[in-house]
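Working notes, beginning with the structure itself.
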Amino acid sequence: MSENVFITEERIEGDDDGPLAGRTVAVKDNISTAGVRTTCGSRMLEEYVPPYDATVVSRLKDAGATIVGKTNMDEFGMGSTTETSSFGPTDNPAAPGRVPGGSSGGSAAAVAAGEADLALGSDTGGSIRCPAAFCGVVGIKPTYGLVSRYGLVAYGNSLEQIGPFANSVEDAAQLLDVIAGDDEHDATTREPPRGSDGRTGDARETREPQLENGASYADAATGDVDGLQIGVPTELLEGADEGVVETFWDAIADLEDRGAEYHEVSLPSVEHAVEAYYVIAMSEASSNLARFDGVRYGHDADAEGNWNETFAQAREEGFGDEVKRRILLGTYALSAGYHDKYYKKAQDARAWVKQDFDEALEEADVLASPTMPVPPFERGKSLEDPLQMYLADANTVPVNLADLPAISVPAGETDGLPVGLQLVGPAFGEERLIRAASALE
Amino acid sequence: MTAQTVQQGDLVTVIGLEVHVQLETDTKIFCGCSTERTDEPNENVCPVCLGLPGALPVLNEAAVEAAVKIGKAIDADIPEETRFHRKNYYYPDLPKNFQITQYDEPICADGELEISVEGDRRTVTVERAHLEEDPGSLQHVGGGGGIDSAEYTLVDYNRAGTPLMEIVTAPDFRSPAEVRAFLAELEEVLEYLGVFDAERDGSLRIDANLSIIPAEEIDGEDTAEIGAEALAAANRTEVKNISSHKGAQKALAYEETRQKNAIQRGRAVEQETRHWDESRGITVSMRSKEEEKDYRYFEEADLPPLRVSGWKEEIAIPELPTARRERFEDEYGLSDEAASKLTSTKQVADFYEDVAGEYDPDLAATWVADNLLGELNYRDMEITAIEGRLEEVTRLVELVATDEITAKNARETVLRSMLDDGRTPDEVVAEEGLGKTGEDEVKRAVVEAVEENPDAVADYESGDDGAINFLVGQVMQKTGGSADPGDVNQLLRAELED
Ligand SMILES: [Zn+2]
């Protein structure tokens, strides 16, 4: 296939029946599949075959899905273009010659190109929403704790979630139904508060009907936005591409036509979000990726010298430049003498961002912005200026810092390039996002 | 803690400990793998304790419970909630190249343990005690046998993830003997709590910091009053690889002498880490320059904070040695010495209470504290060595209590045979013919002697009281000497009265 969507194409058959019987799913290559190699887009894990299935993979199989392959990605999830993969870049099926976004670029492209009905990605700072926006498909980043991370190779473990891609909101919601829920192997999973739509303990009347027993996320894709209050954070429109902004407002106008109302809100903390996000993600990465030393699995450098030299050489050979950059910066941010200045300060900023979102969501049901401030980049440009790449995550990373759910849904095009609209909801407010996003289809 | 006075020119030893204790839980601290020892390397492992990509830790609450028990026993503060951190460093035995441990919110803080040294009771401060995971174990093959000199090194992850408690004391010790007493007491408390198995290889690992402080740097004359400044000014060595309380005393006595010698010869003591070489009985420098390690601690986001407020009240712990000793004195009227001996291990104390429940507590104390422990000690055995045979010891006490054998035979022949050749008390008594002869048999012999010796009977009846001695001799002969001559005398007189 011309797009280079898969790192490994291999069919893994699920159960004979179940809600996803007959559906094909592409799985990001940082999600463990027993017996099928899981590379994370890295030379380090080129030959690593996990002995166990990630919880989400077991759930896919139980639901009757057929996994069709492991998709390309930025190495260890570190990138927004899928160009840092050591297995070559992936083309954007919706905008040939452009990047598919990242880091779950292969998964979004697989759905956009019809290589799979559905796909799983992971989102640490926008890695589902960015490629969904760039490839013109739907992507959901669930509330932190809604989906088990067991088997997801960690990059920024306090930030990331596995989530679905599909060509429609309803299909994405159906995949979310399959993978969501408490898991004894992941202590950070939580059952969503029942029937509360994310506002447990809040005595205020909610506008939306409460979930009945047996109701599903897929059932929420009704397109009903009558009375929906949309908050638009002005900070997330600043500096965005004109065509993107125009497309965004057109989509908001559509929602207004269907009974929604919007008002502007302010999230002053988000100007620090990108810095805070990168400090936290890189710090966690420096620790999460320490285990790749070539002893039990992964790239074996066959080096001479003592264990320390052997470890160093395995890592020197196994990791690409972007991964090394982030490990080094993260190690630095956690070091004695810098910890308070960087890591601790980033944690303070994270708390502030959370608080800002909580307050904004008191006044609005959902917050809306362009998913990405720009249309898909041309291929080959991104590796020249990492800082510009980091800044392109401005609208997605605050959501991970705040542990909130978000969805990216196609909003239209600018100059023939896809534009995504991002909706952010309160914790465990996925149904609300699904309902609102489905109104744009 | 030791209130002793010092004089000019004295050198005062100051020791603090970090004790790593393996907690006895069925499964590892962050996964469901068994903690059972096995000879097969890498048998009890899973994605979590191997640190496979994508695996996540899930806290085993049994380990936290054990930790709370320890906290309760040492009267430590237990926080409202406790959380875990990552300690980042690279080492081949560490599956993830970070260790999940506790940092600023340890499960126990500010506890204390009372010990007894040469009859004095003292209190040692436990600054903190926290939970963490044990790394795997390394086996160096060929070459020099060390990690840098071996031909190659094998890693066994069976141990990886075993729950550990790191117990950190204040620098409260002034001698290696005090350290030994503390460790012995600590082991005993842990065993009482049922959270520790001393028999298990590597279940106790001790790092000790030792410094020598010249008396003139101590304000006042009390060695307990050594200030932080004097401590900071002194170079200390960290002695690693100590694995028992006996080893700790030897290692620290060696290190104390080594440092004092250096000071007395006007040489500086280097601040360094030293390795205790048990076989050679010396400490060896590990690295001359101790680089300041930076572990880059930060919160383990994969484990949400665990609320433990209320656990201290909810979790019951058994009676501890000190309380039990005092109760033994009150309840059984034992001396302090006997009560101390009888509470030295939980098993001894439990056994004593079993025996004292059925027989006279004094007799039980003599038998358990003096006879049994004495004979075991003589053979360098612990009570655990005869764990399955305690009922036999009880039977032996019964034989004495019911007067079936003499105390002397019981102690000198039966008990020793039991320990030396494994026979049961009844076997020894039967085979050695130690049973005091039964009353019926004596009576029968008395009747026989009277019937068989009419002349002596006639002499007795005619007033020759000396004839009774002849008859006693006859009965003693018939019973093989096992009857009591006094009893026989009375029985004969009663028989002749009829
Ligand atoms: Zn395990």
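Every residue, even glycine, has its Cβ placed from backbone N, Cα and C.
For A:K28 (among others), the entry in TrEMBL reads active site, charge relay system. Taking the Cβ of A:K28 (active site, charge relay system) as centre and 10 Å as the limit, one finds 32 other Cβ atoms among all the protein chains shown.
DSSP assigns A:S103 (active site, charge relay system) to coil, not to a helix or a strand. In sequence order, A:G41, A:M73, A:D74, A:G77, A:M78, A:G79, A:S80, A:T82, A:T84, A:G121, A:S122, A:T124, A:S127, A:P131 constitute the residues six or more apart from A:S103 (active site, charge relay system) in its chain with CB-CB distances below 8 Å. The active site, charge relay system annotation in TrEMBL covers A:S103 (among others).
If you draw a 10 Å sphere around the CB of A:S127 (active site, acyl-ester intermediate), it holds 37 other CB atoms from the protein chains shown. The active site, acyl-ester intermediate feature in TrEMBL is assigned to A:S127.
According to TrEMBL, the feature compositional bias 'Polar residues' maps to A:79-89.
The feature compositional bias 'Basic and acidic residues' is assigned by TrEMBL to A:186-210.
Sequence annotations record features per position, and here TrEMBL assigns domain 'Amidase' to A:10-433.
Same-chain neighbours of the region 'Disordered' (A:72-108): 2-7, 26-30, 39-43, 46, 119-124, 126-128, 130-137, 139, 153, 155, 160, 165, 285, 289, 319-323, 326, 372, 375-380, 382-383, 389, 392-393, 416-418, counting only residues six or more beyond its ends whose CB sits under 8 Å from a CB of the stretch. As annotated by TrEMBL, region 'Disordered' applies to A:72-108 (among others).
As annotated by TrEMBL, region 'Disordered' applies to A:182-218 (among others).
Taking DSSP states H, G and I as helix and E and B as strand, the compositional bias 'Polar residues' (A:79-89) has 0 helix, 0 strand, 11 coil. According to DSSP, the secondary structure content of the region 'Disordered' (A:72-108) in residues is 7 helix, 1 strand, 29 coil.
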